[in-house]
Each structure stands twice: as structure tokens, then as C-alpha cells.
């Protein structure tokens with residue numbers, strides 16, 4: 001098993017096979033069976049990071065493990081999404097997971113404000129339109145949804161700002177992963193508070209799991225570079 005965790009191609013194959021199994025269980029079997037099929041998927045990601053992270057990233061290791069453990073807990077809580085208490089609790093834990101990733105992606109290097117503005121506008125418009133679309137169904141959850149998506153916006157910006165401090169390959173993996181996660185989050189919140197979405201079960205699981213995988217893989221292969229100073 002350790003050999004597979006160390007081999008990035010073999011791990012990717014194993015991970016997506018487990019994802020397909022979990023998808024089959026979710027769409028064809030009663031929800032309690034997901035307590036068997038879902039945990040291995042996120043645990044694989046946890047072990048993948050644990051056995052492949054760079055020893056020089058000890059401080060960042062702490063934030064990533066907190067984030068992954070939070071994702072694991074939230075994944076278990078959301079299985080029985082018909083229970084409102086568990087559903088809301090899962091969203092809270094997911095929000096903490098995003099905060100931990102924000103700490104992981106933060107850095108002290110200078111950046112071009114002109115480069116950040118267009119990207120921030122696009123993400124803000126997407127978030128605003130989504131909140132407006134589901135506003136009527138949110139009810140008392142409006143403030144919570146606003147806070148959660150504000151954190152998602154920050155996470156996306158932190159991932160985007162890595163462009164000056166890490167190699168291009170790692171940067172693209174992480175940014176693509178964050179965007180996939182936001183797509184999954186958007187479908188989930190529309191399905192929960194507004195209406196059903198075509199292929200929602202598959203889409204939510206695929207974009208969520210793919211997003212987490214891309215983020216973790218991008219951090220594992222990360223190579224730091226010396227950024228230029230703009231001030």
C-alpha cells in the first residue's frame with residue numbers, strides 16, 4: 001500500500017476507482033452504506049499527503065492536516081443531509097477546512113494588485129449571482145451562506161496569488177482544484193436550498209473529490225521560487 005501511496009500515477013488510479021465505487025453506492029444504495037464507501041476516499045488523500053509532503057514544509061503540514069481532517073469530519077456529517085443539524089454542522093466544518101487552507105496558501109511576498117483585480121471581480125460576480133439565485137431558499141441560513149462563500153472567495157484569491165511564489169505546475173494544479181471545489185460547493189448549495197440540478201450527485205462528488213485531489217497533489221509537487229518585488 002505504501003508503494004502505491006508513493007507512486008503518484010498508481011495513487012491517482014486507486015483514488016478515482018474508490019471515487020467511482022462511492023458514487024455507485026450513493027446513487028444505488030441506501031445512504032447508511034456511505035459510511036463504508038466514503039471514508040476510504042478522503043483517508044487516501046490524507047495518507048497520500050502524509051507520505052509525500054516535503055519535510056521542509058513542517059508549518060504548512062500542520063495547516064494541511066487540519067484541513068484534511070476537517071474535510072473528513074464534514075464528509076461524514078453530510079452523509080445524512082436530511083438531518084438539518086448534521087447538514088449545518090458539515091457546512092461549518094467545511095468552512096473551517098477552507099480557513100486552514102487559506103493559512104496554508106498565505107505568503108508574505110509582494111504581488112501585482114493589477115493582476116488580482118480582474119480575477120477577484122470574476123469570482124465575486126460568480127459568488128454574488130449564486131447567493132442572489134438561492135436567496136429565497138436560504139431563510140435563516142443567509143448570513144451563514146454569506147460567510148461561507150466569503151471564505152471561499154478568500155481561498156480562491158490565496159490560491160491565485162501563489163503564481164509568484166511557486167512553480168507553474170503546482171500553481172495550476174492547486175488553482176484548478178480550488179475552482180473544482182467551488183463548482184461542487186455551488187451545486188451543493190443550489191441543490192440544498194433551491195432546486196435539483198442535472199446529474200447533481202455525480203457532479204457534486206466528482207468536482208469535490210477531484211478538487212481535493214488536485215489541491216493536495218499540487219502542494220506535494222510544489223517548488224518554491226523567489227518572487228520579484230513590485231514595491
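Using the three backbone atoms N, Cα and C, a Cβ is placed for every residue, glycine included.
Just so it is clear, the model here is predicted, and its values are computed rather than measured.
TrEMBL has this to say about the protein:
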TRANSMEM  12-29  transmembrane segment
TRANSMEM  35-53  transmembrane segment
TRANSMEM  60-79  transmembrane segment
TRANSMEM  85-104  transmembrane segment
TRANSMEM  116-135  transmembrane segment
TRANSMEM  141-160  transmembrane segment
TRANSMEM  172-190  transmembrane segment
TRANSMEM  202-221  transmembrane segment
In contact by Cβ distance (the transmembrane segment (12-29), the transmembrane segment (85-104); 3 or more pairs under 8 Å):
no
Between the stretches 12-29, 60-79, 141-160, which one has more Cβ pairs under 8 Å with the transmembrane segment (202-221) than any other?
12-29
Which one of these stretches, 12-29, 35-53, 172-190, has the most C-beta pairs shorter than 8 Å to the transmembrane segment (116-135)?
172-190
For the transmembrane segment (12-29), could you work out the same-chain residues 6 or more beyond its ends whose Cβ comes under 8 Å from its Cβ atoms?
4, 36-38, 40-41, 44-45, 48, 201-202, 205-206, 209, 213, 217
